[in-house]
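Undergrad: Below: one structure in structure tokens.
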Amino acid sequence: MNYDLFDLSNNGDTWTEEICKDALVLRQFAVAQAPELMQAVTEVTTQAPFRHMQTPGGYTMSASLSSCGSMGWVSDRVGYRYSSHDPQSKQPWPAMPEILSKLATEAAEAAGYHRFYPDACLINRYTPGAKMSLHQDRNERDYDAPIVSVSLGVPATFLFGGMQRGDKTIKVPLAHGDVVVWGGESRLKFHGILPIKAGYHSLTGEDRINITFRVAG
Ligand SMILES: O=C(O)CCC(=O)C(=O)O
Ligand SMILES: [Fe+2]
């Protein structure tokens, strides 16, 4: 099997696994709060609905997305970037609900990153078959802050690679409530999501929801 992450700690309900240096999975870290997190996601996406963005290369992303916080990630024919406004509504992105920012700060702390205060929260929705190709998160202004990424609903296989697109990848199964935190030497590593298999979760239906926190600057 290609999956044997090193178990760093185990507190019974939640445990921590290392993908590689400076990349951790906090298993089940967000399970207890998941219903409230989903409620916050629904509040955000009522104001800024999920949409499929265009890539600079002219493709349409299979995951649909929304954002909250002072900066939101956008993609169009011009490129990838952060914007203070939702290009669809021309309004500022919805404020980041406290339950989301607090969870992000706590998860970062649990992974050893102190004082992580994200200004950008990207929400990805994957329906069956949707995926995210290997990419680096590199539109943020500085790379000192980690990325905190929360999985809800239907499971996924996360690919985590190296500094080059062609580097070998590790397959990491992500379940409802798992949180991945990567920073330091892993901050710019390529990662992606394999096509989501058909499934069902009582909180999200057929979807997988991913909430990704960054300091965009
Ligand atoms: O859905 C995920 O778990 C990863 C999302 C991601 O890599 C991103 O939004 O940049
Ligand atoms: Fe990413």
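Backbone N, Cα and C define each Cβ position, glycine as well.
Straight out of TrEMBL:
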- H135, D137, H191: Fe cation binding site (BINDING)
- 117-217: domain 'Fe2OG dioxygenase' (DOMAIN)
Undergrad: Do you know which of the binding-site residues H135, H191 has the most other C-beta atoms within 10 angstroms of its C-beta?
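TA: Most Cβ neighbours within 10 Å: H191.
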Undergrad: Kindly state the mean pLDDT of the domain 'Fe2OG dioxygenase' (117-217) in the predicted structure.
TA: 98
Undergrad: Around D137 (Fe cation binding site), how many other CB atoms lie within 10 A of its CB?
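TA: Other Cβ atoms within 10 Å of D137 (Fe cation binding site): 20.
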